[in-house]
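Peer 1: Just lifted these from TrEMBL, have a look:
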- 26-191: domain 'FAD-binding PCMH-type' (DOMAIN)
- R170: active site (ACT_SITE)
- S220: active site, proton donor (ACT_SITE)
- E290: active site (ACT_SITE)
Amino acid sequence: MRAVASVLEEKQIRVDEPMSAHTSFRIGGPADLFLEPRKDQLSPLLAALKEAKVPLMILGNGSNLLVGDKGIRGAVIHIGNSMNQIRVSEDRIEAEAGALLVRVARQAQRAGLSGMESLSGIPGSLGGAIMMNAGAYGGTMADVLASVELLTEEGEIRNYSLEEMDFSYRHSRVRDEGGIVLSAILQLTRGDAGEIDAAMADLTRRRTARQPLEMASAGSAFKRPEGYFAGKLIQDAGLRGYRVGQAQVSEKHCGFVVNLGGASAAEVRQLMEDVRARVKEKFHVDLEPEVRFVGEF
Ligand SMILES: Cc1cc2nc3c(=O)[nH]c(=O)nc-3n(C[C@H](O)[C@H](O)[C@H](O)COP(=O)(O)OP(=O)(O)OC[C@H]3O[C@@H](n4cnc5c(N)ncnc54)[C@H](O)[C@@H]3O)c2cc1C
């Protein structure tokens, strides 16, 4: 605590902060320390935490996480509103990691820049989307990135080109090496603002029709197994609506696990294990979680 107070102001530090308030699942026990640094404070903050041997994790918009019921020991560094600047210049956008993809996509549309349409409905931050190489409707982050600014675990700032980011399905080099995405430059193409708007509206309609957006979830619970769709396998295994406590395989889209209200992380985890076991038994396919499990269960 003392280590952190030498770098951050009091209003940037919260103690025992419930993670359920910061995850789209609305699940998760308290984080010992919940920190909201500015970009210029990150490097000294990492050094101070390292010196004090405090473990840390990075939080974006919390839309791909299942946080354990006992919470997170150590520090959660939230990359959100304190790092969310977006700048458009010609056919490029430079944005900080805490900017929400929805906002980046809207700014692109207003500037008549195409490329973000398919990603516009993903409820993550730019940093989280880069880390996960998020994608939807045929597009991924890797398709629009020119370069990424990263703070390494050693506290060095590095700029990586698209090729150096080592992107593949839901994977980037940040997943392997750690570090914090600070900002990125997106390379877009000139288009018609009206047409881009129409394309975004169409994808939003499709998403709303198929996905249980009205319920708390973390999106697709499992990765797409090679040659299959996770949702279809789960449905064909007879698990539509399957429940453990207040956690449920969505009735609307079997690829989603939803929190009916007050679900615990333990219930979601048990439900996901049951689903994996049933799909394995029936179809001999291994489902791998896309949702990231963090903290103590
Ligand atoms: C309703 C719904 C629909 C969804 N639809 C899609 C979809 O169509 N496609 C898709 O790919 N995903 C989808 N998701 C999942 C999720 O939105 C994405 O994975 C998103 O990219 C996560 O971003 P985030 O900022 O919320 O990350 P978080 O959930 O906060 O974190 C995810 C991981 O990224 C790390 N991280 C976050 N920020 C940074 C940073 N700045 N630097 C380094 N690491 C960081 C975290 O440590 C964590 O390991 C959906 C989720 C929901 C709830």
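We count from 1, first residue shown onward.
Heads up, the Cβ atoms here are built off N, Cα and C, so glycines get one too.
TrEMBL annotations: computationally assigned, not manually curated.
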Peer 1: Which ones in the same chain are close to E290 (active site), with CB under 8 Å and 6+ residues apart in sequence?
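Peer 2: Spatial neighbours, sequence-distant, of E290 (active site): N64, R170, G219, S220, A221, F222, K223.
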Peer 1: Starting from each candidate's C-beta and looking 10 angstroms out, tell me which of the active-site residues R170, S220 has the most other C-beta atoms.
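Peer 2: Answer by Cβ density within 10 Å: S220.
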